[in-house]
Amino acid sequence: MSFWNSLSITTRYSRLPRCFFTYVQPTPLDNSRWLIWNSELAKQFDLPENVHNHSELLDAFSGETVPSVFSPLAMKYAGHQFGCYNPDLGDGRGLLLAEIKDKKGNSFDLHLKGAGLTPYSRSGDGRAVLRSTIREYLCSEAMAGLGIPTTRALGMMTSDTPVFREGYETGALLIRMAETHIRFGHFEHLFYSNLLEELKLLSDKVIEWHFPCCLGEDKPYLAMFNNIVDRTAYMIAQWQAVGFAHGVMNTDNMSIIGQTFDYGPFGFLDDYEPGYICNHSDYQGRYAFNQQPRIGLWNLSALAHSLSPLIDKSDLEKALEQYEIKLHDYFSQLMRKKLGLLSKQEGDTRLFESMFELLSQNAVDYTRFMRALSYLDSQDKQTVVDLFVDREAATLWIDLYLTRCKLEVDSFDMRCSKMRKVNPKYVLRNYLAQQAIVKANEGDFSDVKILSTLLASPFDEHPDFERYAELPPEWGKRMEISCSS
């Protein structure tokens, strides 16, 4: 039995009609070699922890040899990009290789990004560059470390293949894992193409594969949509609580199971700046940090329109009305945890709002503030107060906060201990990613490996790596990132 045949691998998506995808063989890069292998993630799927003794892994994931159990395909979908419908989308550089089951029996997609040309590449070359591959690997693992729903990265490879973007860069490959790669845009493609039988089939399969709890409902398609609304609200609440800006929330970048998906021009907040724009192509600020909750609703409305042949309009409207309620509830729960507040009290929302106003007015680093708050000593507030220009206003807010804390049953030490488990010391600031990329382009991958370790456990102190928790230099603040990948 071959190595791959010994694993639990399926190809369910390839059994769908051909309007869903096109079979495509990967095009190998020159001299592909491992840059990093996620051994902790690999263990969950009975994959080797060390890739260097397993040439089958290199051959398969580089595209040199496609195992017989794989059925590489490029998915067809559509989507609204910056609010405009685009029917000509699909996997332009990535291939769904197969699905693999973890030790608990859950199926995950094996997806190869940077695999070469597909029928949906449009004017692209089907490649991914080292720069964007490093960013996606690090951010997906950072989000996993933070406990935020996300796709994962099993590994990445570098190569000797030059790829032209603004200049010549190094071609690379990312092995992405997700419970599904089905996007809002899959439903939009079928709806706008008037493929209504296929739309129903996709909905049936999504329920079967990802929302089996809906099978016994009187209105299973509505139940599916309610679940998508709920998961999307939870995901975006998590983004807002941790200070994450996705950067390009097009509907083709929205997962139907509420996982953070397609890492491109993302950014974590440095100074608390509500209108932070991380995508330098977002001239109008459509996807600014403080617009993400609104765009979540816009995208869900676009999905609802695509599901209208299956679900009554009034039911869709009621489901959409729940989004903002759910988002507010999830966000409030998360902020209470970050502030060490277990009980729900009148005035909590105003406490949060006044905190955000103060952080914004004083340009205080969001991650550093929340972490410092988890060490706050009621007898010595100075460490937190010193983060602010307006120390008097900061002192007033801290006094309000400490008064609120007295309503809790936890001791001071217990409360702070819990806060340190939800307020990270380390996040993937864009300047850290950029420094790692610069080194990697020179053949030094040490920062990539250090960051991948730190970001997997971002709440721990890691005293030997304090410099990765430092404030960004001026050049590293408010970095806007290109969509080029």
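Each residue, glycine too, has its Cβ placed from N, Cα and C.
Swiss-Prot annotations:
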- Asp252: active site, proton acceptor (ACT_SITE)
- Gly90, Gly92, Arg93, Lys113, Asp125, Gly126, Arg176, Arg183, Asp262: ATP binding site (BINDING)
- Asn253, Asp262: Mg(2+) binding site (BINDING)
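The 10 Å shell around the Cβ of Asp125 (ATP binding site) contains 15 further Cβ atoms across the protein chains shown. Site extent for ATP: the farthest pair of Cα atoms among Gly90, Gly92, Arg93, Lys113, Asp125, Gly126, Arg176, Arg183, Asp262 sits 22 Å apart. Spacing of Arg93 (ATP binding site) relative to Asn253 (Mg(2+) binding site) is 14 Å (Cα to Cα, whole number). Asn253 (Mg(2+) binding site) has its Cα within 10 Å of the Cα of these binding-site residues: Asp262, taken from Gly90, Asp125, Arg176, Asp262. Here the Cβ of Arg176 (ATP binding site) has 25 other Cβ atoms within 10 Å, regardless of which shown protein chain they belong to. DSSP gives Asn253 (Mg(2+) binding site) a helix state. DSSP assigns Gly90 (ATP binding site) to a strand in the three-state reduction.
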